[in-house]
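The structure appears right after this line, and notes come after that.
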Amino acid sequence: MQSHILVPIFVVAFLAVFTAASGIEKRSFTVHRVGNPNFSGHNGPRSLAKSYRKFGAPLPKGLAGALAAQNTRKRTLDTAPLVERRGFEYRWSGQRSRRAFSGASNNCPQGSVAGKKCWAGTAQSSMARQQANKTRQVGSVEAVPEQNDIEFLSPISIGGQAVNLAFDTGSSDLWVFSKQLNPAATTGHRVYDPAKSPSFSMIQGQNFSIRYGDGSAATGVVGTDVVNVGGAEFQAQPIELATAVTRTFVEDQNNDGLMGLAFSNLNTVKPQRQKTFFENVRATLSEPLFTADLRNNSTGAYTFGVIDASKFNGSLTWIPVNTTRGFWQFSSERFAVGGEPSQNASSGGQAIADTGTTLILADPNIVQGYYSRVPGARNSDKAGGVTVPCNAKLPDLDLDIGGLYMARVSGANINFAPVGNGSCFGGLQASPLGTMGIYGDIFFKSQFVVFNGGNNTLGMAPHA
């Protein structure tokens with residue numbers, strides 16, 4: 001396994017186009033990734049389990065056993081006690097559930113693990129917000145990969161306070177650790193304190209609740225503040241302040257929250273869904289889009305407002321997306337292995353483009369068809385997924401994108417991580433959503449992808 005020894009790079013991209021007709025200065029900005037000097041190797045079972053948790057699916061027995069054997073969390077996966085703001089009444093929570101979005105934040109969140117502790121509190125009082133500044137700023141911000149290459153994080157500013165957030169095209173919430181949490185829950189995290197921001201304003205009656213299939217959760221209240229990403233600001237961006245989180249989030253010390261880049265109908269705020277940062281700044285961009293140029297063992301970037309044609313080969317193919325569920329979703333009904341003619345997967349198969357997922361999680365027919373061409377590949381209960389010989393030369397995989405484009409994924413990237421005894425965890429695994437694929441970072445390492453919010457399309461081409 002090749003190690004990451006990269007020097008952090010901070011590159012300022014400052015591009016502007018002036019639109020005379022409107023008098024509004026249209027801008028673009030870039031978020032650059034950097035190599036993680038503390039990279040210690042991929043962890044296949046953890047990456048797969050994180051996707052199951054994100055999409056509310058129960059862990060298969062073999063995967064749960066593999067994680068328990070690793071003892072990475074020193075706890076069983078179905079134990080996720082909430083760590084909330086101190087000094088409030090102790091209560092017992094009710095029944096456990098799969099992912100469900102509940103608005104309650106001043107009591108024990110619905111769906112918490114049965115018999116686990118929960119403290120209930122109230123939100124802080126609202127604060128004055130500064131008058132919105134209509135001038136849009138631009139610039140660049142570095143992104144720092146989390147250990148094990150699970151997420152790539154970006155320091156952004158909220159009310160003048162720096163926090164590390166993951167950019168996630170598979171969700172639509174902007175939530176952060178807040179000072180309302182018990183200090184035990186914030187160790188190792190940058191914590192947003194609304195009391196230190198004169199521009200913060202509480203949105204009364206609005207709450208959020210993000211809940212996962214293993215009982216993990218983050219719940220809290222909602223306000224607005226100035227959010228700055230690489231110099232581009234939105235003056236009254238809705239932000240979700242966590243007042244209760246499970247230990248899964250507490251132990252993930254590189255991650256101070258999440259910036260969702262999917263569509264707002266996936267947002268979990270109730271009773272009124274809130275717009276994402278991208279949706280709010282879209283009208284100020286040179287073009288209403290952002291691009292993901294994420295590369296293997298190399299720096300990459302998210303760029304907002306402009307397409308850099310030097311980053312891909314040939315021309316972009318544009319694919320309409322289905323936004324009904326809030327995802328960047330498209331049909332995916334065919335695949336090919338090793339450059340051979342394509343073959344059918346499941347009729348009506350769909351997939352989403354998700355930068356918040358590490359692996360490619362695909363229709364089981366695709367997984368079976370691919371690994372049938374790999375000698376020594378097997379479904380390992382011990383590893384919690386499909387494994388291959390580490391010394392195998394894996395074939396490339398072509399995936400159907402909307403019936404208009406076959407995206408080639410390098411076989412070298414599908415050889416994901418050692419699991420022992422000469423076996424490696426496959427970067428292609430069966431999707432927890434059945435025939436709904438989740439095409440994550442391994443997919444993006446081979447493809448330049450444009451997310452166009454102006455006409456709800458995806459543009460794709462191979463990396464240059």
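For all residues, glycine too, the Cβ spot is worked out from N, Cα and C.
Marked as active site by TrEMBL: Asp168, Asp354. As annotated by TrEMBL, domain 'Peptidase A1' applies to 152-461. Look at TrEMBL and you will find 1-21 tagged as signal peptide.
Look at the Cβ of each of the active-site residues Asp168, Asp354 and count the other Cβ atoms within 10 Å; the largest number goes with Asp354.
It is 7 Å from the Cα atom of Asp354 (active site) to that of Asp168 (active site).
Averaged over the domain 'Peptidase A1' (152-461), the predicted model has a pLDDT of 93. In the three-state DSSP reading, Asp354 (active site) counts as coil. Taken residue by residue with DSSP, Asp168 (active site) is part of a strand.
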